[in-house]
Amino acid sequence: MTGKGSINKQSVSAVKWSALGSIAQYGLSLAAQIILARLLGPENYGLFAMGLIVLTFSNFLSNFGFAWGLIQIQDLKIEDIRFAFTWQLISGSLVAVLLYVFAPEVADYFNEPRVDPIVRWLSLACIISAITAPASNLLRRNLDFRWINIIQIISYSIGYLVIGIPLAYYGAGVWSLVAAWLVQALLTLILSFIRHPHSIKPLFWYDGAKAMSGVGSTVFITNLCNWALDNLDRIFLGRFLDSNAVGLYSVGYNLATTPNKLLTGALQPAFLTAGARFQSEPERLRYVFLPVLASVCVLITPLFVLFAIIADDLVGFLYGEAWQSTAVVLAILALSMPAFIMWAMSTPILWNTQGKHLESLLQLPILMFSGWALYVFAKQGVLVVALIAAATLGVRSLVITTAACRRLKIGLQHLLPFFARGWALTLLVAYGTFAGVELGEFASSAYFGGQLAMMVDGIAHVKLDLIVRISQHLLPLMGGAFLGSGVFVLVLVRFPRLLGNQVLGMLARFSPRFIPKMQG
């Protein structure tokens, strides 16, 4: 097998494992977050989200980007690894100390003194995350996404299912989330190092340090810009409103973005790693990128529209009435998630076509406008903040995807067929989903309407919430989900030509036996 063929095979295998791992992780995280949300309530979630905002910022500072150079460097040496690990440890330790010392100021900013000890404990994660990065990125460099996903699933399961949920059940409150996060981070470090051990001997400088530092500084600036764009909404919510509002918003935000972040968190490094080996072959990058864009338009967009339509019943049934305000946040953000994926899959194109500086440069005006809008309007509540966040994602996607397409000489004439097919399938799925919700509401009213009062009589109050959730939300949720997804599958199986050659080619790469069956 040729080197290129081997890389293609590795890339397809990596994407398959990424997809399977993302599905498994999303299922686990959804189950865990539902249980924790019902046990803890919006206020505890909001407190943790405030601490997490600062932690993610600190992680970007502590990682600085040295470890990302391990993916980009074509001829990796042991000195590269030692240098990256040394400076990851130094930067992580410094940031952890700063975060611990300035925790009271963070609490003052949010007008919430309970955030102080949360931030101090979470500062430990800065060191853990920083020294995990070299081993994790070496696994990504090797396209070992099978083990990356195994590590993530094991660490999340133990952190949240074994530690977090029992602590929440026994009244630990927000500390159950803090403990779960730290345990997950520590297990990820241990398992990543076991899978890909490397030298931890310090190295402060060497001949290739300047090149490594150049990659690191670009990654740092880019990640800082992306962090701000991703977190400004909760920063201003926490400042102008309270922990309850932050909790309601954060759960909706996490529900909408978690599947995307899991998928792009695995696919983006795979795309970046494979693309780094074809930096001098833009035609090959173009050949890979077009099916990605087509798949986002034709396959992913209809599913997120379905997700947005059933958001109200999904939140009402799974989380209960205390979280109902989360539904509108989920619906708005779900509609912007295809843009999120398109943005995430466009950035590796910039990095692999000598345009790595463009990601931060092009997004700085968007950051300034988004910051101004949130500063002015965040006091209006979670609905307005969700609209601003969704609009920001849309503009980011438009700008970065356009830049990536221009570098690969992809014109509007190449993209219009994807948009047309995507809109057609989206309208069909939306119609089916709305029809399913209406049928579910009719069936729910017919079956439960006259019987609910009799069912409530003689039933303990503790069961009333479950009865109400089933009567109001379950049948509409099932109807919308089943009929909407049924339309999607029907088109996929019976009318595959509607998907277009680019999407069919993408599906054929990952399931060669499936396409002949559809065409037959």
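Keep in mind that glycine also has a Cβ here, set from the backbone N, Cα and C atoms.
Annotated features, as they stand in TrEMBL:
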type     : residues : note
TRANSMEM : 20-41    : transmembrane segment
TRANSMEM : 47-71    : transmembrane segment
TRANSMEM : 83-103   : transmembrane segment
TRANSMEM : 118-135  : transmembrane segment
TRANSMEM : 147-169  : transmembrane segment
TRANSMEM : 175-194  : transmembrane segment
TRANSMEM : 287-310  : transmembrane segment
TRANSMEM : 322-345  : transmembrane segment
TRANSMEM : 357-377  : transmembrane segment
TRANSMEM : 383-403  : transmembrane segment
TRANSMEM : 415-436  : transmembrane segment
TRANSMEM : 474-495  : transmembrane segment
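Taking every listed stretch (83-103, 175-194, 383-403, 474-495) in turn, the largest tally of C-beta pairs under 8 A with the transmembrane segment (287-310) is reached by 474-495. Sequence-remote contacts of a segment are chain residues at least 6 beyond its ends whose Cβ falls under 8 Å from one of its Cβ atoms, and for the transmembrane segment (474-495) they are 302-303, 306, 309-310, 313-314, 317, 425, 428-441, 443-444, 447, 518.
If one looks beyond the transmembrane segment (357-377) by at least 6 residues along the same chain, the residues whose Cβ comes under 8 Å of a Cβ in the stretch are 218, 221-222, 224-226, 228-229, 232-233, 235-236, 347, 350-351, 384-385, 388, 392, 395-396, 399-400, 403. Sequence-distant contacts of the transmembrane segment (322-345), counting only residues of its own chain at least 6 positions beyond either end whose CB sits under 8 Å from a CB of the stretch, comprise 37, 41-42, 248-249, 251-253, 255-257, 259-260, 263-264, 267-268, 271, 289, 292-293, 296-297, 300-301, 304-305, 307-309, 311-312, 314-316, 382-383, 386-387, 389-391, 393-394, 396-398, 400-401.
Counting C-beta pairs under 8 angstroms (sequence separation of 6 or more), the transmembrane segment (175-194) reaches the transmembrane segment (118-135) with 3 or more such pairs. Relative to the transmembrane segment (147-169), the listed stretch 20-41 leads the set 20-41, 83-103, 383-403 in CB pairs under 8 A.
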